[in-house]
């Protein structure tokens with residue numbers, strides 16, 4: 001009998017090993033393709049499944065190969081050993097990422113939650129569908145590409161060195177920023193903004209100032225995306241390792257020493273096969289774990305590692321390392337509302353290029369063509385947030401796809417004008433999912449909970465109405481909408497409201513709110529990190545990403561997040577050099 005049991009166990013182990021080898025070979029083939037497609041320029045890209053169970057002696061372990069993590073890793077690697085852990089794949093060779101024409105397809109997939117999907121969807125507690133990046137380059141690999149710096153006032157309020165900031169922006173721009181060639185729709189909206197008084201005309205500029213401007217783009221003239229991952233070309237290849245498909249579960253801390261703050265010493269992460277690995281810092285002064293996992297990932301990882309509100313983490317069975325009540329607080333997402341503008345004349349396919357920066361706290365932006373008509377994304381804002389579901393969105397998309405081809409063409413010949421609230425003033429919070437603390441956390445942004453945000457939306461919507469009535473837009477708006485559009489517009493997006501009184505527009509703003517993925521907060525400066533982005537009450541751990549922002553910088557935060565990675569990398573260099581002296 002014992003022999004029979006042993007045989008069955010051996011057969012079971014053989015079967016398990018065969019399954020694992022099969023999965024490993026399939027995964028390795030996919031990952032090898034991705035790494036080859038990086039052009040061979042990044043020999044330091046590796047599969048997390050190929051990492052040893054324990055890796056040691058890194059000066060810096062950076063969690064998150066995103067918009068901040070890539071420039072930070074590249075900068076630190078010039079003189080120090082760096083391990084960069086990215087939970088997704090490389091962006092290179094993925095046409096949905098690399099081509100501007102595929103943006104709508106990329107971002108409208110609300111069901112993309114596999115290891116290989118560059119976009120991870122989540123629905124906030126407000127009911128608004130949102131996206132997280134799961135790809136090297138982070139949000140810069142999946143966004144609409146607009147590139148614009150923070151205002152001088154923002155830089156001053158953040159306490160940053162203006163000269164270093166300017167230099168860091170220029171370093172980023174040498175690789176990823178371009179000026180678009182304005183075509184008919186974008187030109188018309190720019191002229192319309194000036195016609196309704198959103199001045200002065202600031203021309204083409206990366207700078208942020210009131211008025212109308214043509215900003216930069218991370219898409220070049222051929223429509224090819226450039227991302228924060230491109231900044232890894234500046235890394236020292238001998239000092240950096242980038243592990244793809246590395247999902248970090250928790251931060252490791254040294255055994256407590258009475259009278260001393262907790263010290264981070266490494267992280268635990270898993271690969272795509274589910275195997276766990278450990279990475280550890282060199283035991284020298286200055287070595288650090290740096291979180292650059294974004295406004296969702298960084299506060300989430302702090303909480304699962306025992307840094308957060310003890311009254312919240314304790315009942316979940318999480319040992320408390322540092323009691324910081326600010327973790328996950330002051331989460332914000334700039335509320336946006338999109339107005340679908342069908343055109344009687346052809347328009348180009350364009351993403352965000354023109355922006356009006358108003359004097360009442362809003363940004364008015366535009367895109368055009370079949371993708372920008374929000375044929376799929378737009379339906380997310382048609383129904384009120386509390387009614388939104390994956391099933392309904394899929395039904396809207398199916399109904400649109402079932403329309404006659406000519407009807408789809410008429411609906412797709414359109415633009416969209418978005419208003420986005422600056423700031424915003426409305427704040428929410430992030431909490432752990434109690435059923436599984438490692439699942440996507442629960443996030444509530446409380447859109448329009450502050451009256452000033454709602455006022456801004458109302459005024460912006462009224463201004464969009466004025467824009468549509470300008471001489472500049474005369475060739476791109478209908479005097480009377482055809483029945484084909486009237487009967488099917490609800491499958492595509494929201495038309496401009498016919499009534500503009502406060503009550504009507506208040507309801508309209510709340511019911512049509514969407515995100516344009518500029519959420520931030522959760523690890524605020526002064527409540528969670530100090531001015532050098534070090535975790536308050538701990539040693540050897542920082543947070544460097546958009547979770548530390550109190551408000552979103554500029555009209556789009558990506559330029560400033562990339563700048564911050566470079567800026568803080570240089571600051572850390574300087575601090576360590578001073579310490580040696």
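The backbone N, Cα and C atoms fix where each Cβ goes, and this holds for glycine too.
Record features (TrEMBL):
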type	residues	note
BINDING	135, 248, 517, 518, 546, 557, 558	FAD binding site
DISULFID	457-509	disulfide bond
DOMAIN	133-156	domain 'Glucose-methanol-choline oxidoreductase N-terminal'
DOMAIN	294-308	domain 'Glucose-methanol-choline oxidoreductase N-terminal'
SIGNAL	1-25	signal peptide
Chain residues in Cβ proximity to the domain 'Glucose-methanol-choline oxidoreductase N-terminal' (294-308) (below 8 Å; excluding those fewer than six residues from its ends, i.e. six or more beyond): 63-64, 66-67, 122, 132-133, 138-139, 248-251, 253, 318-325, 327-328, 331, 430, 432, 437-438, 440-441, 443, 519-523, 528, 535, 538, 543, 545-547, 549
DSSP three-state assignment (helix, strand or coil) for residue 518 (FAD binding site): coil
Max pairwise CA distance, angstrom, over record-listed FAD binders 135, 248, 517, 518, 546, 557, 558: 25
Rounded Cα-Cα span from residue 509 (disulfide bond) to residue 135 (FAD binding site), Å: 32
Top Cα neighbour of residue 457 (disulfide bond) in the set of binding-site residues 248, 546, 557, 558: 557
Within the predicted model, mean pLDDT of the domain 'Glucose-methanol-choline oxidoreductase N-terminal' (294-308): 98
DSSP three-state assignment (helix, strand or coil) for residue 557 (FAD binding site): coil
Conformational class of residue 457 (disulfide bond) under the three-state DSSP mapping: helix
Euclidean distance between Cα atoms of residue 518 (FAD binding site) and residue 509 (disulfide bond), Å: 18
Summary of DSSP states over the domain 'Glucose-methanol-choline oxidoreductase N-terminal' (133-156), given as helix, strand and coil counts: 9 helix, 4 strand, 11 coil
